[in-house]
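Listed in TrEMBL:
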TRANSMEM  31-53  transmembrane segment
TRANSMEM  65-81  transmembrane segment
TRANSMEM  87-107  transmembrane segment
TRANSMEM  114-133  transmembrane segment
TRANSMEM  139-159  transmembrane segment
TRANSMEM  171-189  transmembrane segment
TRANSMEM  201-219  transmembrane segment
Amino acid sequence: MVKSEGPKLVPFFKATCVYFVLWLPTSSPSWFSALIKCLPIFCLWVFLLAHGFSFLCAHSSARKILAGLIFSALGDAFLIWQEQGYFEHGLLMFAITHILYSSAFGMKPINVHAGLVISAASFLCYLLLYPYLSGPFTYLVAVYIALIGFMGWRAIAGLQLANDLWTWTKLSACLGAVLFMVSDLTIAVNKFCFPVPHSRAIIMATYYAAQMLIVLSAVECQDVEAARKRT
């Protein structure tokens with residue numbers, strides 16, 4: 001899978017490098033900085049579309065992840081202007097993204113233990129943030145944590161290391177979801193609680209890695225089906 005999909009991810013890696021090399025100041029939001037920030041996500045759109053419309057038509061999970069990437073890009077753009085009052089708009093876009101990703105990961109297997117662990121972790125995160133929240137953020141952050149926690153549960157629940165065909169697919173989704181949660185928790189702590197050293201680098205590195213892994217979890221389904229047909 002890595003050998004076959006790796007070269008197709010070169011534009012994504014280049015776009016990510018461009019973002020970190022330019023490192024445009026967040027104090028001066030512009031459409032150019034929004035473009036540079038969203039460019040790696042655009043490359044992931046192209047990466048998925050490159051697998052063909054027949055692939056997207058045949059795999060609802062891939063379509064949902066593509067839709068999630070579109071809302072993610074909108075969220076990224078809104079967050080460029082978060083100091084101008086668009087943070088809530090970005091929050092909404094990413095909330096929709098998590099709903100789409102959760103649907104893509106599916107509800108089977110249930111994996112109650114994973115659900116309990118994620119629920120406990122989500123509750124602890126909200127307890128950490130709660131004293132610093134006020135106004136609408138008191139409930140908006142609670143809803144968002146519930147949604148990203150649910151997404152994380154569905155990704156982790158599907159991890160079945162005993163089945164070789166599905167190991168890397170589910171592991172990609174699992175790692176991607178965990179990194180997404182790390183990224184968003186860093187955003188929340190940095191915005192509401194206290195400054196996190198190197199927060200922007202942590203947030204964006206984990207975010208881009210998360211999106212790449214989640215996208216890989218979608219296209220690996222194609223490899224799994226091809227392997228099944230050969231056996």
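Cβ coordinates come from backbone N, Cα and C, glycine included.
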Inset, instruction - Quick one: find which recorded stretch in 87-107, 114-133, 139-159, 201-219 has the most Cβ pairs under 8 Å with the transmembrane segment (171-189). - result: 201-219
Legend entry - Which of 87-107, 114-133, 139-159, 201-219 contacts the transmembrane segment (31-53) most, counting Cβ pairs under 8 Å: 201-219
Inset, instruction - Would you mind listing the long-range same-chain contacts of the transmembrane segment (114-133), meaning Cβ under 8 Å and 6+ residues beyond its ends? - result: 141-142, 145-146, 148-150, 152-153, 156-157, 185, 188-189, 192-193
Inset, instruction - Using a Cβ distance cut-off of under 8 Å, indicate which of 87-107, 139-159, 201-219 has the most pairs with the transmembrane segment (65-81). - result: 87-107
Legend entry - Remote residues contacting the transmembrane segment (201-219) - C-beta distance under 8 A, at least 6 residues beyond either end: 1, 5, 9, 12, 16, 19-20, 40-41, 44, 47-48, 51, 55, 59, 61-62, 65, 68-69, 72, 101, 104, 155, 169-170, 172-173, 175-180, 182-183, 186-187, 190
